[in-house]
Structure formats: C-alpha cells, structure tokens
C-alpha cells in the first residue's frame, strides 16, 4: 500500500526529491500543486516531467481516503465518513463558525482511552492514522470548498475527533507542521487546537516543541474519584500528575489551556462540583479557560443524559463568581449523528447487518 504524499513535510519532500536527482525547486513546484492548486493526481502537475510523475506515482498516492457518507445539518455543520485504504472508517466534521470554517479531524481508528460517556471508545483502537491520512481529511474538506467556487477555506482545525492525539504523537506533530506551513495551507498555529484526555508526559513534550498551537484538556470531572470512574486514563495520570504537567506547559509557553467539561446530568454538574472545579484551576486562573459542553447522548451509554439547563446555568454561575473564564459551548449538528464516533458506529453496524443478511 503506497503512502500518501501528504505525509511529507515540505523539508522532507525536498530531501526526497533531491535524493532522486531533482533540483530543490522541483519539490517546491510539487508542494504548490498539492496545497495551493490542490490537484488530486500527479498527472495534473503540468510542469513536472512525465518521468518524474511516474516516479511519484510509483512512490505515493495523493489522497488515500474515499468518501462513504456525508451528513449536512440545518446549521451548516457537515459530517463526513471516510474509508481508509484498508477499509477502516473514520469521521471528520466541518463546523461553520462566525470566525471561519473549523474542521475536526480524527487521529486513530478507534480509541483506547475508555471514557464511559463517549461513542469513540465503543470500538477499541485498531491502529494509528499516519500523518498523510490526517492531512487528507483537511484536503477533502477544502476540496468541498474549492468545488463550490466561493473563495472559502479551512481556517481553523481542532484535533478532537476519534482517538487520543498524544497517543499518536509523531504523526500528529507532522500533520501540524504540514497544515501550518506558510507555503501551503498556511493555517495559523493559533487557529489550531489539539485536545488530549490527559497524557501528562506528552503534555510536557508538547510544551517543549515550541509551537504556538493551542492545547485543550478533556477534564470532565473535578476530583480523582469521579474522573477515574468516567475516564480510565485518570488511573494512570491522576489530577495531581496532570496539573503538574499543565503548569509546566503554561510556564514554558505562557499559553492558555482550555479545559473541556461535558455536562452529565447529576453526575458531574452539581454546585459542589462546580466549586471543586473552580478550586482545582485556581492557581492557573489567568491562563485557563473552561468550556462547558452539552452532552450528545449515545444509545450505548444510556446511563448518562444531558444536564438540565438550570443545572448548567447554576454550575456556570459558580465558576463565574469564582473568577473562572468560562463559556457554555455552542452546539453544532444536533440534527445529525453529532457525537464523535456515532456515524462511524452506526455505519459499521449497518455494514455488519448487510454481510449477515447475504449469508
């Protein structure tokens, strides 16, 4: 199976071309065809010799993904189900915001983090995506814009889809360098957010990278007892270890950390828990932000339901009174399979039923 050429950074593409007897500018031309003209095949690169196009075709594919399902919400949110070369399925989401077009990408097939409220973890991790497969998600959404011919572009990226990004650290970092490259898609680092469930040692590594990319942490509970029950990762990286890494990140980068907090009715949304959360983030208040997220129910996790509006507002009020920077997140795609992993899970179930029916 040939790798996608999207898996190479610009420097890696230059080195690859030079090793094959080409001048550096040839790699620059290829890069422009890929990320500025956004061609879908090497044959469209009209200023590249046929011999070198043949070498490119022997070595790489362009976009390795195949579109299986597209769902569009009334609010303009678009959810894509893509098929990988090995037949596995991943999800990507386009969200139209007032500040631009944001794309949520997937980094793994399945997830091993084991959050008890999440659709992504219903299917265990089967493999990591390589950087080309992650970049390809952005490229296909951008193709959707290009085909519309309205001058739209992917302006923001959130690495919050299926999988734990820091469990696929090397490929995610390569992806970030590709989409941030000023000579390509040029998506600003401050318009990119990577979300982790709390792999403390990788947060420290990320701090040392020197990138301006935003960091979000999926917190979802204000104490170890509850967090260990609803997020298995907390057993390996309890809050003390996690917050030590977060403090290191803030000290090293002077950048704000966003805490994601899904509101689960009568599980993590009490006044007492709001005060616990305020106390937990007290020492990093100036460089932290809490995002209160309405829960998208998952049929397989029927022990959870969405917090009632009055409980969310009461929780929010406690945080604000304690000086916590916070917001209740705007919902997107509520009329489609909005929760991360839902569309993939449903499609896989249908595929299995079709196979069973033909036997």
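Numbering starts at 1 and runs along the chain as displayed.
The backbone N, Cα and C atoms fix where each Cβ goes, glycine too.
Per Swiss-Prot, the features are:
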- 91: active site, proton acceptor (ACT_SITE)
- 340: active site, S-methylcysteine intermediate (ACT_SITE)
- 104-340: disulfide bond (DISULFID)
- 97-335: domain 'Radical SAM core' (DOMAIN)
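Here the Cα atom of residue 91 (active site, proton acceptor) is found 9 Å from that of residue 104 (disulfide bond). Cβ neighbour count for residue 91 (active site, proton acceptor): 25 (other Cβ atoms within 10 Å of its Cβ, all protein chains included). Taken residue by residue with DSSP, residue 104 (disulfide bond) is part of a strand.
Each residue in the domain 'Radical SAM core' (97-335) has a pLDDT score, and their mean in this model is 96. The number of other Cβ atoms within 10 Å of the Cβ belonging to residue 104 (disulfide bond), over all protein chains shown, comes to 24.
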